[in-house]
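Student: The following feature annotations were taken from TrEMBL:
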BINDING   R35, Q36, A37, G38, R39, D85, Y161, S216, H332  substrate binding site
DOMAIN    30-39  domain 'Uroporphyrinogen decarboxylase (URO-D)'
DOMAIN    149-165  domain 'Uroporphyrinogen decarboxylase (URO-D)'
SITE      D85  site 'Transition state stabilizer'
Amino acid sequence: MSDQGTAGPEQGETAPFLRALAGETLPTPPIWLMRQAGRYLPEYRELRARAGSFLDLCYTPDFATEVTLQPIRRFGFDAAILFSDILVVPHALGQDVRFVEGEGPRLDPVTTLAEFDRLKPEIDLGFLSPVYETVARVRAALAPETALIGFCGAPYTVATYMVAGRGGDEQAPARLLAYREPDTFQTLIDRLVEASAAHLVAQLQAGAQAVQIFDSWSGDLPPAEFERWSTRPIAAICARVRAKVPGARIIAFARGAGAKFGAFAHAVPADGFGLATAEDRLAARAAAPAGVALQGNVDPLALMAGGPALDAAVDACVRDLSGGPFILNLGHGVRQHTPPEHVAQLVARARRTA
Ligand SMILES: Cc1c2[nH]c(c1CCC(=O)O)Cc1[nH]c(c(CCC(=O)O)c1C)Cc1[nH]c(c(CCC(=O)O)c1C)Cc1[nH]c(c(C)c1CCC(=O)O)C2
């Protein structure tokens, strides 16, 4: 890409996505979308039908590599995201995890210290070796200007699934446990900090060039609980990852942080922060530390709608955020019934030269 940023590239990074994460303000935003691979793509549905279960897809490098690359071929995004799931971490801690067709994830709930102690004390990275193999294969298949993102769920969000055994219900089982037995919940969170950091380090060592930490459910927590169960554990993961991989690029996405975003962005030493759909972009920029990249936040439903509403949503996002380091994304994942042509429209609109 011949675009000149306002600050010189750091560490010789040439991929626009990595330049934005390094703090450059680029004239055209790099683009990737949460859930850019998946059921809205016919080529995914075709492969998924052959692969068997969703987890078989995640743990078979041939399949997972192909699915990761599908949206890159179709849309030419600036970054690929590893095809996997946040729930492979509890799986690799020995918890039973399955995905029920049309319903979502199901786990055997763990709610007591005795049950936690029946899990493995540390994450079994050997169990996840097909995931790291996928990372290496995807990196080898990508052009240098296309970055590869690894990820994990934040401890709080993963804990909500581990404790409830499923999603939904405002994460009430985990929140009740955190109020009734904070020491027990802290033990679980601390284990997830170690396991998640080890999983991110393994992805970075296998070829991922940045990682995103997804905290999908912490936005509902009151400020003090948000600080304890979201901000502090995510900051601890950043420190552990950087101790092993100096200079590791990290994006933190606390979905729905709202008024808590400023404190979060100052306490978490990430390079970039994801903004959810409802966030006020200008307020977020004002609240964030200078020089961090902001990533977001086109409404996934504007993407589903397409047409002039989508163009307007893209234009507003670019207008609000392109004065600083910025990565164009959605405010949450691509919805299942999104027409693929609308994704092509988003990319063309964001890249058009004025
Ligand atoms: C909470 C959460 C999960 N998984 C994830 C989160 C955090 C982000 C968010 O809030 O959406 C993250 C995730 N899940 C998946 C990815 C792959 C990379 C990507 O394209 O973004 C990523 C980054 C694939 C997936 N993860 C899942 C699918 C659908 C699987 C299928 O049936 O083919 C995909 C493509 C399944 C999944 N996985 C999870 C749920 C609740 C579900 C069921 C809901 C659904 O089916 O959409 C847990």
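Heads up, the Cβ atoms here are built off N, Cα and C, so glycines get one too.
Heads up, TrEMBL stuff is auto-annotated, nobody curated it.
Relative to the rest of the structure, where do these features sit?
Tutor: D85 (site 'Transition state stabilizer') falls outside any helix or strand according to DSSP and counts as coil. Around the Cβ of D85 (site 'Transition state stabilizer'), the same chain contributes F54, L55, C58, P105, each under 8 angstroms and 6 or more positions distant in sequence.
Long-range contacts of the domain 'Uroporphyrinogen decarboxylase (URO-D)' (30-39) within the same chain, counting only residues at least 6 positions beyond its ends with a Cβ under 8 Å from a Cβ of the stretch, are 15-17, 19-20, 45, 48, 67-68, 70-71, 75, 77-81, 83, 149, 274, 327-330, 332-334, 336, 343, 346-347, 350-351.
If you take every residue in the domain 'Uroporphyrinogen decarboxylase (URO-D)' (149-165) and average the pLDDT, you get 98.
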Student: Among all the protein chains here, how many other CB atoms are within 10 A of the CB of H332 (substrate binding site)?
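Tutor: Neighbour count, Cβ to Cβ under the 10 Å cut-off: 23.
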Student: By the DSSP assignment reduced to helix, strand and coil, which category contains Y161 (substrate binding site)?
Tutor: helix
Student: At a 10 A cut-off on CB-CB distances, which of the binding-site residues R35, R39 has the highest count?
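Tutor: Highest number of other Cβ atoms within 10 Å: R35.
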Student: Within 10 Å of its Cβ, which one of these binding-site residues (A37, Y161) has the largest number of other Cβ atoms?
Tutor: Y161
Student: With DSSP helix as H/G/I and strand as E/B, how many residues of the domain 'Uroporphyrinogen decarboxylase (URO-D)' (30-39) fall in helix, strand and coil?
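Tutor: Secondary-structure composition of the domain 'Uroporphyrinogen decarboxylase (URO-D)' (30-39): 0 helix, 1 strand, 9 coil.
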